[in-house]
């Protein structure tokens, strides 16, 4: 798992800072797309029960020339599956679909505070069983706000290794990101390119010229410089290689500060707030 930069999680396991996201990759296409990402250099693949492509990702894991231990695999619990029996049943199915005995990281996808009496703590306690059994090397959460994390950590014994949140130059999610970094919870950025909207920003374009890089590489290099994990997604081999090469782009403190200044706060959010995301 040595391709590119890695960071150590609070669980003691190491995660590549650049991962390959599979949101909206069709199950039928996932094997080819993920194998292409491995060829580009990725050693970290991110999927979810909600994405409906775990089988295709599993086919890629079975067909790859890499050893299983060389690849970091993340999947996430789907929102209708928070009840303890459903957590156990669907996690077992995820392992079967992914054709692996373990995942490197298993996340609660959304806190869903409007369902299950807001009780994601019980859900997480079941996930702690998987750590003790060795079927999940690390566990964590996604889309958790600071107050969700306060509640979670007060009622569980294993701190979340990761909080995967929307984060990009237009929505830097600073309160949550700072909270996590101060407590040793790794911050993982979904939609790290802002669903493409940030790519045309003039400041990004200027820095791309200064660094002889592409706008996407500049944005991803900013994530890495901030200490975040980023999971860009592309089905095209050339774009996969371009994104992965962001690890070779160095930004100056002044360039990082210029990107920091692009933050639009809540106006920059492209997804739904975790407190209103329902079962869709």
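Backbone N, Cα and C atoms are what each Cβ position is placed from, and that goes for glycine too.
Pulled from TrEMBL:
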| type | residues | note |
| --- | --- | --- |
| DOMAIN | 18-263 | domain 'NADP-dependent oxidoreductase' |
| ACT_SITE | 51 | active site, proton donor |
| SITE | 76 | site 'Lowers pKa of active site Tyr' |
| BINDING | 109 | substrate binding site |
| REGION | 261-280 | region 'Disordered' |
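Overlay of TrEMBL feature records on the structure.
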| residue | record | Cβ within 10 Å |
| --- | --- | --- |
| 51 | active site, proton donor | 22 |
| 76 | site 'Lowers pKa of active site Tyr' | 24 |
| 109 | substrate binding site | 21 |
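Across the domain 'NADP-dependent oxidoreductase' (18-263), mean pLDDT in this model comes to 97.
Through the fold, the region 'Disordered' (261-280) approaches residues 79-80, 110-115, 143-145, 148, 166, 168-172, 174, 191, 194-195, 197-198, 201, 203-204 of its own chain, all at least 6 residues removed from its boundaries and within a Cβ separation under 8 Å.
Sorting the region 'Disordered' (261-280) by DSSP state (H, G, I as helix; E, B as strand; all else coil) yields 4 helix, 0 strand, 16 coil. A Cα-Cα distance of 11 Å separates residue 109 (substrate binding site) from residue 51 (active site, proton donor). DSSP gives the residue listed as 'active site, proton donor' a helix state. According to DSSP, residue 109 (substrate binding site) is assigned to coil rather than to any helix or strand. Taking the Cα atom of each, residue 76 (site 'Lowers pKa of active site Tyr') and residue 51 (active site, proton donor) are about 9 angstrom apart.
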